[in-house]
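Scroll down for the structure; my scribbles are underneath it.
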There are 2 protein chains.
Amino acid sequence: MSHYHPLTEQEAIDYARRLPDVFPSNAELSSREIGDGNLNLVFHITDSVSGRSLILKQALPYAKVVGESWPLSLDRSRIESEALVVQEALCPGLVPHVYTYDTELALTVMEDLSDHVIMRRGLVEGNRYPLFAEHIGHFLAHTLFYTSDWGMNQQEKKERLGRFINPDLCKITEDLIFDDPYRDAETNNIHEPIRPDVEKLWADQELLLEVAFLREKFLTHAQALLHGDLHTGSIFVTPESTKVIDPEFAYYGPMGFDIGAVLANLLLNYCGQAGWKSDQADLESFRNYLLETVEAVWTRFEQEFRALWEEKTVDRMARTPGFLDSFLARLLQDTFGFTGAKMVRRIHGLAQVADINRIEDAGVRAVAERTALHIGTALIKHNRQAADIKEMTDLARRAVQLHS
Amino acid sequence: MSHYHPLTEQEAIDYARRLPDVFPSNAELSSREIGDGNLNLVFHITDSVSGRSLILKQALPYAKVVGESWPLSLDRSRIESEALVVQEALCPGLVPHVYTYDTELALTVMEDLSDHVIMRRGLVEGNRYPLFAEHIGHFLAHTLFYTSDWGMNQQEKKERLGRFINPDLCKITEDLIFDDPYRDAETNNIHEPIRPDVEKLWADQELLLEVAFLREKFLTHAQALLHGDLHTGSIFVTPESTKVIDPEFAYYGPMGFDIGAVLANLLLNYCGQAGWKSDQADLESFRNYLLETVEAVWTRFEQEFRALWEEKTVDRMARTPGFLDSFLARLLQDTFGFTGAKMVRRIHGLAQVADINRIEDAGVRAVAERTALHIGTALIKHNRQAADIKEMTDLARRAVQLHS
């Protein structure tokens with residue numbers, strides 16, 4: 001079975017049975033393919049005798065979303081498993097444990113998290129996760145600090161960067177986030193009622209210039225090992241637990257890209273909630289919870305990152321008074337910009353979000369889309385002036401008022 | 001002979017004799033080890049019969065300058081030969097041709113350039129190179145543009161970046177340029193008369209903060225494949241020809257680092273000329289020539305880089321009006337900063353320059369050193385406000401007046 005081919009469910013069961021020390025010899029294994037992504041097979045293997053379970057995630061050599069015509073390197077599977085190992089070492093408990101990785105099959109065997117729910121779904125259903133901001137702020141601070149030139153040996157960082165060269169998946173981001181949404185691209189998927197808004201955006205030279213600067217940072221600023229796709233569909237949650245999954249887009253890039261991904265997806269849910277909550281007081285309360293979470297994620301990240309830097313930085317020059325303040329000020333600005341870019345691409349780009357595009361009422365959906373485009377473009381244009389995370393939540397609040 | 005060991009001169013001759021199609025069968029070969037660097041053996045092989053010659057350059061597994069205790073990866077030799085191949089493809093005639101590379105021996109066989117002189121020596125001797133600015137401006141524009149995300153396929157750029165991960169040699173730069181000169185480090189080599197000036201520099205918080213920002217750029221801004229050590233000791237010249245050699249420090253870094261290396265070494269020679277020219281009119285004229293060359297290098301680079309970008313960029317978003325102007329404005333600022341950093345490290349750091357430290361009169365030498373420290377620190381502090389290359393030459397002119 002070692003030559004690469006996409007596994008059948010029976011092959012996945014056979015593979016799982018042969019893993020040492022996982023299932024008892026009398027196990028009765030069953031498999032369910034639960035991949036809802038576009039790039040992978042995900043087999044959920046369970047033993048009805050012991051109750052044990054695990055996940056086999058196998059990379060496909062193409063992107064399903066556009067058929068087999070978009071080939072993708074299987075090396076992203078190695079990158080994902082190695083990123084998970086790095087992240088688990090830095091943040092035990094916040095990512096699924098990797099049992100083993102099979103290079104030939106591009107297959108990762110990992111902890112089953114099916115007692116968690118995908119955060120995007122949880123938020124659409126109106127659930128709150130009171131520990132999420134603390135968990136993800138910790139995750140961001142530790143993974144970004146300890147993989148950067150400030151938190152690890154600077155020569156080892158260069159070698160690690162070499163192991164996370166990820167051209168195929170970076171290309172997806174470069175196209176779908178930093179190019180296609182800003183032109184009349186075939187990949188776009190425009191909800192007709194907002195076409196005039198989208199066309200206005202394509203002509204906004206001030207916006208396009210700021211997007212070009214953000215694209216430049218994505219292409220050239222090798223600050224830290226990013227997750228690379230840290231939206232709420234890549235996060236499993238319960239009220240007590242947070243698990244970050246799917247780091248197949250991992251590469252060395254600008255820290256603000258990961259932070260912005262989290263904040264953007266909270267704000268997308270914020271924009272979409274009018275389609276999910278009919279009670280006005282409930283809607284307002286949940287939206288306040290989301291904006292408080294946006295602020296808390298940054299604040300927690302910033303506190304922990306600052307503390308790590310002050311105690312642990314390996315870079316003598318970076319201890320010069322003023323450097324860390326400048327670094328964090330610039331990081332907040334990057335975060336504003338990337339938050340905006342991550343919002344815009346989800347409104348009329350190829351890959352959209354259920355928080356908004358599953359709203360059945362086309363009018364309500366269009367309002368959510370306009371609100372998200374408003375917030376996204378305003379964050380992008382404001383990014384290099386941003387000085388406080390509250391500017392982001394104030395802007396979001398005003399946008400909802402304006403569009404309701 | 002294939003197992004790595006430093007070659008003897010006889011082994012170098014035997015190796016050269018076995019190269020196909022280089023020397024005739026009746027060749028009478030002799031070898032001279034001419035390495036004046038710190039990291040390599042350089043054998044000059046000549047055939048007294050045909051008059052043909054070539055260079056065998058072999059990496060040593062340690063830095064000679066501090067004895068065998070500073071180990072260095074032999075992989076830098078592969079990096080050097082691959083960088084030369086990339087550079088020759090982009091700028092034919094401006095680098096030595098590589099005939100072959102021997103991985104086992106860390107040995108590059110390349111074109112002999114002994115009809116040229118090392119530019120540092122030529123400038124110390126008061127020679128002018130009227131085509132230099134045009135040549136090096138062209139070299140910088142083409143190598144930096146065509147290895148960047150703006151001038152080459154962005155996925156191939158990532159793979160190429162992976163081939164130029166260069167931890168050992170980057171570490172030398174990080175220590176000797178962006179750390180040690182700014183503290184009382186053992187590696188420093190301080191000419192006693194200027195010790196008070198150096199100690200003042202160590203306490204200058206504004207300066208230290210800017211150096212920390214430049215260090216950050218060196219560590220994280222993967223803009224283009226740099227030469228990485230482009231001082232006038234890495235350039236062979238005649239009045240008609242320019243050849244850039246020794247790219248063993250090549251890695252993906254900020255473009256301004258290479259441009260700054262060239263300008264810094266022109267300015268170091270400018271500071272040192274009072275030690276070499278006794279006639280005041282001659283001195284003034286040569287200094288004017290050097291400052292004109294500083295301006296011409298940037299101007300030529302900027303013209304060619306702009307033209308390449310406008311005609312050839314592969315990045316649609318980077319064609320947004322305003323982007324190129326912003327990019328070049330920031331690049332000029334980086335160039336000011338790196339020029340300053342490259343000057344300061346040559347005054348009291350480990351590796352100094354003959355333009356200044358071979359001046360026999362200690363008083364004249366100290367004036368040259370103070371002038372260079374003045375210009376270097378002023379460029380570093382001014383870098384983020386710089387808007388015109390003339391600010392650099394004006395500053396240099398005022399510094400000489402102040403210290404003479």
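For all residues, glycine too, the Cβ spot is worked out from N, Cα and C.
Taken from TrEMBL, the feature domain 'Aminoglycoside phosphotransferase' covers B:32-264. Per TrEMBL, the feature ATP binding site maps to B:Asn40, B:Lys57, B:Glu111, B:Asp112, B:Leu113, B:Asp246, B:Pro247, B:Glu248. Positions annotated as substrate binding site by TrEMBL: B:Asp229, B:Arg345.
Annotation for B:Arg345 (substrate binding site): same-chain Cβ neighbours under 8 Å, separated by at least 6 residues, are B:Leu176, B:Ile177, B:Asp180, B:Pro181, B:Ala351. Around B:Leu113 (ATP binding site), the same-chain residues six or more apart in sequence whose CB sits under 8 Å from its CB are B:Ile55, B:Pro96, B:Phe236, B:Lys243, B:Ile245, listed in sequence order.
Mapped onto three states, the DSSP output places B:Asp229 (substrate binding site) in coil. Spread of the ATP binding residues is 18 Å (greatest Cα-Cα distance among B:Asn40, B:Lys57, B:Glu111, B:Asp112, B:Leu113, B:Asp246, B:Pro247, B:Glu248). B:Arg345 (substrate binding site) carries a helical DSSP state (H, G or I). Residue density at B:Asp112 (ATP binding site): 15 other Cβ atoms are found within 10 A of its Cβ, drawing on all protein chains shown. Not a single one of the binding-site residues B:Asn40, B:Lys57, B:Glu111 has a C-alpha within 10 angstroms of the C-alpha of B:Asp229 (substrate binding site). Least packed by the Cβ count within 10 Å, out of the binding-site residues B:Asp229, B:Asp246, B:Glu248, is B:Asp229. Cβ packing within 10 Å was compared across the binding-site residues B:Asn40, B:Lys57, B:Glu111, B:Pro247, and the lowest neighbour count falls to B:Glu111. In the three-state DSSP assignment, the secondary structure recorded for B:Asn40 (ATP binding site) is strand.
In the predicted model, residues of the domain 'Aminoglycoside phosphotransferase' (B:32-264) average a pLDDT of 95. The DSSP secondary structure for B:Glu111 (ATP binding site) is strand.
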